[in-house]
Ligand SMILES: C[C@H](N)C(=O)N[C@H](CCC(=O)O)C(=O)O
Ligand SMILES: [Mg+2]
């Protein structure tokens, strides 16, 4: 199966309610979509959001990288050379992880399609379903409590509560949500780099002393502050998760060896795609470090790909934060993985199983 063309499009999906973190606020999901065409008529799909504040990637940089760097290297190549092609993608340019991920996801989709098997089976198999958390955006306390209660009524048993705006208010937010859903949902926090190391230790210890049970606290301090991450990890009982602090396998090795976090959040848009995500899960497995499979605010193409990887690596990927389809008003991606609130059911059709994308605006 030879790659004959790579076409690009844009896809925009409105959110039910604005997504607010310590880093950014957005009211829709907007991706560059990759359509990798082949000589047998099969199409592989990939996606890339513009998460400039986290990855440095914009839609413009993604489109430019794919059109000028990856497309010339991939057209005419056989999908069966998967490992060589992922190596070519990763070494063709530094950074540009979202563009690399978009192209790699489409390539893996096609590779699995060439065996007429769902992607997770090609990656080693696993359970065909999983449960995700749902994000509670940082907001006024009453709004967060209402959002948390609504999420529990929808069947979510794990809430990923966004904090990191103001440490004093954050503690009020967490206590109020905990009181509202205690015994019905587990809380994981994501401060998205919003606290200082001392604030984080103070807040987490105070919550521990107050009997507030937290599953984990994600990225409490600035991405580059590995010493700060270790400072916190050493001083609290609650597990600390690294997100923005780790992108690729080398950073993960560094972080694990420095004992700067207890858990790692793997995202395809940080790793540059599936090959490095698998590498990271394997590295973490060697060190007995658990991982979460997470995602950016991106369409269900990348979220689906991440779910397939999570299924295949479930021995290490013990937590799932793949909630974007549940945050959207509708899903224009038809076929493939199905999402029913907290439940994600993997397709049994070839690859990612995507049949078509409604409302796709092709760029050529
Ligand atoms: C969408 C997911 N639940 C999530 O919270 N991801 C964020 C980053 C999302 C973004 O800003 O696009 C995270 O884990 O930090
Ligand atoms: Mg995070």
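Along the chain as shown, the residues are counted starting at 1.
Placement of Cβ uses the backbone N, Cα and C atoms for every residue, glycine included.
Annotated active site, proton acceptor per TrEMBL: 162 (among others), in sequence order. If you take the C-beta of residue 162 (active site, proton acceptor) and look for same-chain residues 6 or more apart in sequence within under 8 angstroms, you find 20, 21, 22, 135, 136, 137, 138, 189, 190, 192.
Long-range Cβ contacts of residue 267 (active site, proton acceptor) within its own chain (separation 6+, distance under 8 Å): 243, 293, 294, 295, 296, 306. Secondary structure from DSSP puts residue 267 (active site, proton acceptor) in coil. The active site, proton acceptor feature in TrEMBL is assigned to 267 (among others).
The substrate binding site annotation in TrEMBL covers 24, 135, 160, 295, 297, 321, 323. The Cβ of residue 323 (substrate binding site) lies under 8 Å from the Cβ of 132, 133, 134, 135, 160, 295, each on the same chain and at least six residues away in sequence.
Close to residue 218 (Mg(2+) binding site) in the fold, though at least 6 residues off in sequence, lie 160, 188, 189, 190, 191, 192, 240, 241, 242, 243, 265, each with a CB less than 8 Å from its CB. In this structure, residue 218 (Mg(2+) binding site) is part of a beta strand by DSSP. Look at TrEMBL and you will find 190, 218, 243 tagged as Mg(2+) binding site.
Secondary structure of the domain 'Mandelate racemase/muconate lactonizing enzyme C-terminal' (141-239) per DSSP, as helix, strand and coil residue counts: 51 helix, 15 strand, 33 coil. The annotation domain 'Mandelate racemase/muconate lactonizing enzyme C-terminal' is assigned in TrEMBL to 141-239.
Note: residue 24 (substrate binding site) has non-local neighbours 53, i.e. same-chain residues 6+ apart with C-beta under 8 A of its own C-beta. Of all residue pairs in the substrate-binding list (24, 135, 160, 295, 297, 321, 323), the one with the greatest Cα separation is 18 Å apart.
One way to see the shell of the Mg(2+) site is to take the Cβ centroid of 190, 218, 243; the remaining same-chain residues with a Cβ within 8 Å of it are 160, 188, 189, 191, 192, 217, 219, 241, 244, 265, 294.
Summarised as a single figure, the pLDDT of the domain 'Mandelate racemase/muconate lactonizing enzyme C-terminal' (141-239) averages 98.
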